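Working notes, beginning with the structure itself.
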Amino acid sequence: MEKDFQDIQQLDSEENDHQLIGDEEQGSHVQNLRTENPRWGGQPPSRPFPQRLCSKFRLSLLALAFNILLLVVICVVSSQSMQLQKEFWTLKETLSNFSTTTLMEFKALDSHGGSRNDNLTSWETILEKKQKDIKADHSTLLFHLKHFPLDLRTLTCQLAFFLSNGTECCPVNWVEFGGSCYWFSRDGLTWAEADQYCQMENAHLLVINSREEQEFVVKHRGAFHIWIGLTDKDGSWKWVDGTEYRSNFKNWAFTQPDNWQGHEEGGSEDCAEILSDGLWNDNFCQQVNRWACERKRDITY
């Protein structure tokens with residue numbers, strides 16, 4: 001029996017060897033067919049399972065790493081965005097507070113400026129009033145100072161009048177001619193200022209009625225231009241004391257009066273003056289000239 005069992009095993013071994021040899025021959029034949037025929041369309045043998053499992057694991061790891069990296073990037077961007085948004089709102093709030101503070105400061109400054117302007121206007125009003133008062137006091141003082149010599153001359157004239165038994169007299173520094181007293185200035189004024197000065201002396205600007213009086217005036221006034229009491233401000237020439245102009249003595253220079261308006265001062269020539277050669281000329285009334293005052297000798301004060 002043992003021999004029979006050994007024979008059976010030998011038989012199986014031979015069959016297996018024969019089958020393996022056949023398989024090898026068949027595989028060799030198939031390999032030869034693949035080599036000889038490039039169009040062989042057979043599927044390649046599949047890889048072992050462990051190798052396939054390892055490839056899938058690597059892909060999963062790569063996908064997981066990519067997802068983690070993407071999540072980190074999203075978190076960083078989100079954090080920066082929140083920080084920027086926070087800084088933006090902080091800056092906006094700061095700007096709003098600055099605008100509010102600046103507006104309040106401007107309003108306060110405007111309010112203080114208005115108060116200061118009011119105070120400044122009030123002070124200007126007070127100063128203007130003070131200036132007017134000072135000018136008024138100055139005019140009064142000037143009036144008294146100018147009249148003090150006049151009062152002194154009046155007393156002197158009255159004393160001379162009584163001492164001369166009623167003889168008429170002229171004040172000190174006045175020159176007598178033909179029953180009138182004349183005073184010649186040593187400085188200059190405009191025509192209106194000179195006329196006012198003579199009135200303060202109880203006199204008037206010089207009025208010339210004759211050739212003799214003209215020569216007397218030219219002799220005493222020197223080589224200066226002097227104002228006389230003749231004007232056409234109203235459109236026609238008139239003497240300040242009311243003396244008739246048309247029928248009275250005249251000594252105009254050639255082509256005068258011409259009312260020339262080409263000078264720089266502007267306006268017309270409405271006031272008469274005696275030139276250095278003794279002839280009369282119409283001139284701009286704001287011109288500064290010397291002048292002469294005249295009054296009757298028989299006036300006593």
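Cβ atoms are placed via backbone N, Cα and C, with glycine included.
Keep in mind the model is a prediction, meaning the values are calculated, not measured.
Recorded disulfide link (Swiss-Prot): Cys285 to Cys271, out of the candidates Cys198, Cys271. Among Cys54, Cys169, Cys293, the residue that Swiss-Prot annotates as S-palmitoyl cysteine is Cys54. Looking up Ser13, Ser28, Ser268 in Swiss-Prot, the residue bearing an annotation of phosphoserine is Ser13.
Per DSSP, the domain 'C-type lectin' (169-295) is made up of 21 helix, 35 strand, 71 coil. For the recorded positions shown (Asn97, Cys181, Cys271), fewest C-beta neighbours within 10 angstroms: Asn97. Rounded to a whole number, the C-alpha distance linking Asn97 (N-linked glycosylation site) with Cys285 (disulfide bond) is 68 angstrom. Residue pair Cys271 (disulfide bond) / Cys293 (disulfide bond) shows a Cα separation of 15 Å.
Along the topological domain 'Extracellular' (80-301), the predicted structure has mean pLDDT 80.
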